[in-house]
Amino acid sequence: MQNEPLTPGYHGFPARDSQGNQEPTTTPDAMVQPFTTIPFPPPPQNGIPTEYGVPHTQDYAGQTGEHNLTLYGSTQAHGEQSSNSPSTQNGSLTTEGGAQTDGQQSQTQSSENSESKSTPKRLHVSNIPFRFRDPDLRQMFGQFGKILDVEIIFNERGSKGFGFVTFENSADADRAREKLHGTVVEGRKIEVNNATARVMTNKKMVTPYANGWKLSPVVGAVYGPELYAASSFQADVSLGNDAAVPLSGRGGINTYIPLISLPLVPGFPYPTAATTAAAFRGAHLRGRGRTVYGAVRAVPPTAIPAYPGVVYQDGFYGADLYGGYAAYRYAQPATATAATAAAAAAAAYSDGYGRVYTADPYHALAPAASYGVGAVASLYRGGYSRFAPY
């Protein structure tokens, strides 16, 4: 009664061998011993070929089938079922191992494909020869891969000595950077680096007035200093130092600009309000304060024997307005007439660099309010500008 459940199992093993099973008869010792010698399968790693993964899965699968047979096989039915289990388990585990390695290979191939189809990369090339043009730069970098775009930066004087090369593949761009960085081309050591995006700031123009004015009174005082020097207009003297200049804005809107309160220099021939404001009106609204300033400064004022040296001793406007006075005001006698002083002022009327303005047609006595944009631009591009870089 004690061993009756196990008796069919023990008698069933020889019968199973007689059916053609090739597996050896297992003993209780064989049931326990193989577990201590079975190595644990290594974890899956990317890039391991199929031959490394399949043999381990086969050995482990076969041993697993034997132990499943001895441990859980108690009847003939279980024995028959387990007799077919090693092959099925071997096949299933082999297919799983093959699928796993195939998945790993496909994963590595997909990663390589994605790497080869990466985003374009832009290189910054500096210190290139000035005679280089886009085809020259494309020929120099074209040996490393497909180039999408080549651009050399120019200004009005020619090449600035640097440019950009955009590769379709970032790997080609890195290889070109490693090979060409530091090489000498026509005596110049070129530098190839990864291009970085420039941070662009949007500068918005501030419009301080609701009627569309873009030139503030402070800037207007720079371009038309005669208008803002003081409350010096003959028509506004009766109003005191807090006078205002009425200027017609857009749409017929009158705008009053308060004048800067400065003390009047006695005896100085300030321009009248009618002529100066008439020349200033309209041109100021169109941003042409420079032309009005040139029209006002072209008229040499009358000579003053005791001219006070307190007005506009600045290096820029002082040289244009009053540069001539310093040359002759001390040399003239106290009884000098207005005609001789005006002639001396016209002869010495220069900007301090030896260039006389009398020969310039834009500095004539004609009103300058009707000049076009081209003429205004020519004033800035003239030979007398001290701020021209070259």
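Glycine is treated like the rest: Cβ placed from N, Cα and C.
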Do you know which of ARG288, ARG329 is annotated asymmetric dimethylarginine by Swiss-Prot?
ARG329
Using DSSP, break the domain 'RRM' (121-197) down into helix, strand and coil residues and give each count.
22 helix, 33 strand, 22 coil
Please name the residue among the recorded sites PHE130, PHE164 whose C-beta has the most neighbouring C-beta atoms within 10 angstroms.
PHE164
Among the recorded sites listed here (ARG122, ARG131, ARG188), identify the one with the smallest other-Cβ count within 10 Å.
ARG131
Out of LYS160, ARG198, which of the recorded sites is least crowded by other Cβ atoms within 10 Å?
ARG198
Test of understanding: give the count of other CB atoms lying within 10 angstroms of the CB of ASN155 (site 'Interaction with RNA').
7
